[in-house]
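Below you'll find the structure, written out as structure tokens, and then a few comments.
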Amino acid sequence: MQRSLKWFASTTTVAMLFVLIGGALVTKTDSGMGCGRSWPLCHGQWIPDDITPQLVIELSHRLVSGLAAIMVLILCIRSWRVMGHVRETKPLAVLSFVFLVLQSLIGAAAVVWGQSDFVMALHFGISLISFAAVLLLTLLIFEVDKKFSATSLQLDGQMRFHIYGIIIYSYLVVYTGALVRHTNASLACPSWPLCAKSRLLPVQFHEWVQMGHRLAAAVIIIWIAVATVHAARYYREQPVIYYGWIISLLLVLAQMVTGALVVFTELNLYISLAHAFFISCLFGVLSYLLLLALRTRRRPATAAGRSVEDTASAPLK
């Protein structure tokens, strides 16, 4: 694969990560209206007269998003030409660009006309899909699947259930987390893991939003732990699956820790951004596992004379 394409794909992936973190920074610092009700300009000007921290954050996010959109478009065109023969290339290229444009339009609509918190909570999730698609394109360009013998994978039904179920459910968790930010419910519950030491259940809307997210997060932590145990028992000889789940477990635990620290530090900005970073990485890993699962589904369910069910019926040595 062309060295220049690999470098460009890596840079584009990092740029998309900056888009995600930048969006979280805008929300955390309440900088969404830093440029007023004007888009793409700031207060209708190319160079605003009154420079404020919120304006700098919002304008920087717009510039990074615009640059990332151009880079993603170039990456899509180049990858389409160079490796269009790979089945996943074209769908991933379309997903990465379309969802990046969509998140930009939602952001612009929020600035110009305003949007409800429930609609704005979709903004981060849509960006996350674009980031995951760019990341998968990059992994295909680096031929990671060949390096880890991913082309010979065989997955049993239980592992498929974990992969499909967890990535769908993780998107719900992401939405609840974004809703916490956009409804200003991050500090609605002063205690952790319960909302308050003196009572078990929330009593008002913001507390319900916060505790709903914590409950959803607890479920995904347990689910990923179960999937990791299954991978450790049956997939040690398939390192891309085994280590994929190990990394997922470490990331979701880091997500839990930073989520708790957000409460204990009363919304420390760096910890809040780390919280967004870890969920972005986790979704990227889960997306790659999904790609592998979809690939294996297209192949006959036999390997070396044994069925998938036979392979999964006994632990790998």
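Think of each number as a place in line: the chain as shown, counted from 1.
Note: Cβ is positioned from N, Cα and C throughout, glycine not excepted.
For His61, His123, the entry in Swiss-Prot reads heme o binding site, with the evidence type sequence analysis. Sequence annotations record features per position, and here Swiss-Prot assigns heme b binding site to His213, His275. Summarising the annotation, Swiss-Prot assigns topological domain 'Cytoplasmic' to 1-6, 76-91, 143-159, 236-243, 294-317. If you look up Swiss-Prot, you'll see 7-27, 55-75, 92-112, 122-142, 160-180, 215-235, 244-264, 273-293 marked as transmembrane segment, on the strength of sequence analysis.
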Tell me the Cα distance separating His61 (heme o binding site) from His275 (heme b binding site), rounded to the nearest angstrom.
18
Looking only at the recorded stretches 7-27, 92-112, 122-142, which one has the largest tally of CB-CB distances under 8 Å to the transmembrane segment (55-75)?
7-27
Give me the count of other Cβ atoms within 10 A of the Cβ belonging to His275 (heme b binding site).
25
For the transmembrane segment (122-142), what are the same-chain contacts with Cβ under 8 Å, counting residues 6+ beyond its ends?
1, 5-6, 9-10, 12-13, 16-17, 19-20, 23-24, 27, 72, 75-76, 79, 82-83, 86, 88-89, 92-93, 95-97, 99-100, 102-103, 106-107, 110, 171, 174-175, 177-178, 276, 279-280, 283-284, 287-288, 291
Give me the non-local Cβ neighbours of His123 (heme o binding site): same chain, 6+ apart in sequence, Cβ-Cβ under 8 Å, ordered along the sequence.
Gly23, Gln103, Ile106, Gly107, Ala110, Ala178
CB within-chain contacts under 8 A for His213 (heme b binding site), separation at least 6:
Val173, Thr176, Gly177, Leu179, Val180
Other than its close neighbours in sequence, what residues sit by the topological domain 'Cytoplasmic' (76-91), given a CB gap under 8 Å and a spacing of at least six beyond its ends?
1-2, 5, 8-9, 97, 136-137, 140-141, 291, 295
Against which stretches of its own chain does the topological domain 'Cytoplasmic' (1-6) lie, if we need a Cβ under 8 Å and a gap of at least six residues from its ends?
78-79, 82-83, 141-143
What are the DSSP helix/strand/coil residue counts across the topological domain 'Cytoplasmic' (1-6)?
4 helix, 0 strand, 2 coil
What count of other C-beta atoms do you get within 10 angstroms of the C-beta of His61 (heme o binding site), across all chains shown?
23
